[in-house]
Amino acid sequence: MELTTRTLPARKHIALVAHDHCKQMLMSWVERHQPLLEQHVLYATGTTGNLISRATGMNINAMLSGPMGGDQQVGALISEGKIDVLIFFWDPLNAVPHDPDVKALLRLATVWNIPVATNVATADFIIQSPHFNDAVDILIPDYQRYLADRLK
């Protein structure tokens, strides 16, 4: 597949997602980094977003709850280039009924080459990057060329 460049803006659009057993871990991480995160636009699946907003007073664009379609909503935003970073604390020890949605979300984040953290250490590396508050170029699939090739 041919690639093109997308510029992640200095003010990132960040999606926050956490499975039930990981919600407290994500909330603690958000509270620890609240001053930095408040400089960006935040999205989250429903329950996670409402819990974070209630605990911190931060403005969160809450989707539906993950099992009710929220993971797919976040995935759609990634596909549309509207999410720049995904912080997704998923529980590797417990299966969830919407596992296919979880896999699809992670697949789309990989396809569209956005930074993804699935644990605290990686989330810390991302947010502490000297480029976190900078505009950064990434390579993404050239969808227009892909579509043109498919329609030949």
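Here the Cβ of each residue, glycine as well, is placed from N, Cα and C on the backbone.
For the recorded site, Asp71 (active site, proton donor/acceptor), the DSSP three-state label reads helix. Per Swiss-Prot, active site, proton donor/acceptor is recorded for Asp71, and the stated evidence type is sequence analysis.
Annotation note: Thr47 (substrate binding site) sits in a helical segment as assigned by DSSP. Same-chain residues at least 6 positions away in sequence with a Cβ under 8 Å from that of Thr47 (substrate binding site) are, in sequence order, Lys23, Ser65, Gly66. Residues annotated as substrate binding site in Swiss-Prot, with sequence analysis given as evidence: His19, Lys23, Thr45, Gly46, Thr47, Thr48, Ser65, Gly66, His98.
For 6-152, the entry in Swiss-Prot reads domain 'MGS-like', with the evidence type sequence analysis.
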Which listed residue (Asp71, His98) has most other Cβ within 10 Å, given these are recorded positions: Asp71
Recorded substrate binding residues, His19, Lys23, Thr45, Gly46, Thr47, Thr48, Ser65, Gly66, His98 - maximal Cα separation rounded to whole Å: 16
Binding-site residues: Thr45, Ser65 - member with fewest neighbouring CB atoms within 10 Å: Ser65
